[in-house]
Amino acid sequence: MFSSLYPLVRAQLFRMDAEDAHHLTLRILGAAGRTGLAGALAPRVPDAPRTVMGLTFRNPVGLAAGLDKDGACIDGLAALGFGFIEVGTVTPRAQPGNPRPRMFRLPQANAVINRMGFNNAGVDQFVKNVQAARYRGILGLNIGKNADTPIERAAEDYLYCLDRVYPFASYVTVNISSPNTKNLRQLQGAGELDALLAALKDKQQRLADMHGKLVPLALKIAPDLDDEQIKSIADTLLRHRFEGVIATNTTLSRTAVAGMQYGDEAGGLSGKPVFDASNAVIRKLRAEVGETVPIIGVGGIFSGEDARAKMAAGASLVQLYTGFIYRGPALVAECVQALR
């Protein structure tokens with residue numbers, strides 16, 4: 001029912017400021033999750049189980065991080081048929097993010113530009129929200145660093161967040177690829193990444209001993225990487241036996257949106273323009289890591305055919321975000337059906 005109504009809903013939302021519409025959507029999803037309305041209105045999505053990172057996913061189509069940064073709408077989102085939900089990015093301390101306006105729609109390109117800057121309520125509130133959710137499916141918790149933490153001390157923020165979210169996560173995503181936190185992408189460099197992953201894996205083992213369970217770690221990387229950088233990241237993932245990698249985050253490239261309204265706004269570009277670049281990174285990663293490291297493919301999925309292409313490039317699972325904003329819950333069911 002809601003799928004047929006979504007074009008009308010979207011038309012109203014797209015008349016609003018992009019971030020205001022985002023917050024309204026979250027409020028609606030939160031209310032729908034509390035009342036059970038989301039499940040009643042959402043399309044029925046068939047099961048298509050996958051086992052990845054030692055976890056069994058109801059289906060291979062997940063929600064990417066960024067939509068629900070504080071984990072406040074997990075139940076409403078889960079009712080829409082996703083095989084897994086990822087929330088965050090969360091940082092140790094609450095922070096407001098970058099000044100508004102900081103989110104821009106580019107409908108002619110099926111794209112969004114954002115420079116949100118990890119705005120979130122902090123990891124303590126995040127954990128409370130996660131604990132309050134009734135959802136018991138696969139839940140990824142995405143962690144980052146505070147904007148005012150020097151890049152040389154970034155590992156401290158990641159380790160602090162990992163310690164706090166570990167007991168409540170099905171897997172934890174380490175986000176080092178947002179373009180909206182100054183110098184964050186430096187952590188993708190060979191030396192910086194090696195040190196960070198070593199520290200995280202050491203912490204993971206100690207937490208596994210403490211809690212009696214090993215929670216997989218996934219690294220989220222950028223699409224703006226050359227072959228040498230991808231090989232270096234792949235080697236580091238293999239060396240530290242990281243359980244997964246998410247490819248990719250938003251792009252800094254503006255080639256596909258040059259001359260469009262908002263096309264020159266600063267921030268990360270998501271949606272259809274990142275599809276090919278994301279798939280290229282996935283293919284190169286798969287060639288480097290073989291079948292050892294599962295890849296979660298994200299970037300520009302707007303149809304079931306797009307989801308199949310992402311899997312054909314080498315992904316084990318896929319995630320939606322911008323396509324979900326433009327197409328609504330029907331996209332979830334379409335992608336699951338295409339991947340059965």
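Just so you know, glycine gets a Cβ as well, placed from its N, Cα and C.
Residues Asn114, Arg115, Met116, Gly117, Phe118, Asn175, Asn180, Asn249, Thr250 are given by Swiss-Prot as substrate binders; from Lys69, Lys310, that same site also lists Lys69.
Of the listed candidates (Lys213, Lys220), Swiss-Prot assigns Lys220 to the same FMN site as Ala65, Gly66, Leu67, Asp68, Lys69, Thr89, Asn142, Asn175, Thr248, Gly271, Gly300, Tyr321, Thr322. Those residues of the chain, other than Lys69, Asn114, Arg115, Met116, Gly117, Phe118, Asn175, Asn180, Asn249, Thr250, with a C-beta within 8 angstroms of the mean position of the substrate site C-beta atoms are Gly66, Thr89, Gly97, Ser178, Pro179, Thr181, Gly267, Gly268. Looking at Arg115 (substrate binding site) and Ser178 (active site, nucleophile), their Cα atoms lie 9 Å from each other.
Binding residues for FMN (Ala65, Gly66, Leu67, Asp68, Lys69, Thr89, Asn142, Asn175, Lys220, Thr248, Gly271, Gly300, Tyr321, Thr322) extend across at most 20 Å, taking the greatest CA-CA distance.
Listed in sequence order, Leu63, Ala64, Gly66, Leu67, Ser270, Val298 are the same-chain residues at least 6 apart in sequence whose CB falls under 8 Å from the CB of Tyr321 (FMN binding site).
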